[in-house]
């Protein structure tokens, strides 16, 4: 009989222990916060902390009980007005957000430390409490450093654009100088020992090739500016294709004028070269 009583007592003790362990496993804990404790670079606008609890928390059930459970403290230790928002769609998520609607003149500053105090009396929908007070400390974004970085990036960007533009202008000037550079046939003949006619003919051929190349490039650019009517792409068809110049584009007109000038130069050099050959 005593043996049976001892076995029964041990069984009851085991049941009580397992029950207490189950309640402990189902207690309320904080799984994650954003920003995290000790983090830096928190946003100044809409300052707040998002807390992920292990158990569900519904405003209609625990809102009144937890109204004083979250306190955001400034660097001087003063309490900052906040709103506690519960996410009905996401289990256990609570957002403690700066209350911009209050009459308080609190100013949130950059590179400043703020602390969210969470009371151990915070309760979930099942009545479980957090058990002990917890604090989340974080530092806001250093706006002066961020502004300096933005300014430096803009300086680098504009500096790069100026360098590229200067190189392009320099290259264009060199090409123009090379094209317009006149050869003195007498000096060149004296330097090379060739006849004046050979020097002139060689220079004319060189200029003719350069003019032809410019004419081809200008004509290619002119063709690219024409409007292309594709039945698969354009749902609204027109009677015929229209170029951009017909629509009044001065840019395209200028390019066409340059192309015509290049073709004229090429024809001029070719005519001069043929005339030299006929004289021979």
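Positions of Cβ are set from backbone N, Cα and C atoms, glycine also.
Per TrEMBL, the feature compositional bias 'Basic and acidic residues' maps to 170-219 (among others).
If you look up TrEMBL, you'll see 220-232 marked as compositional bias 'Acidic residues'.
Residues or ranges marked as compositional bias 'Basic and acidic residues' by TrEMBL: 254-263 (among others).
Sorting the domain 'SbsA Ig-like' (28-140) by DSSP state (H, G, I as helix; E, B as strand; all else coil) yields 4 helix, 44 strand, 65 coil. Residues or ranges marked as domain 'SbsA Ig-like' by TrEMBL: 28-140.
Annotated transmembrane segment per TrEMBL: 147-165, in sequence order.
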The domain 'SbsA Ig-like' (28-140) [mean pLDDT, rounded to integer]
93
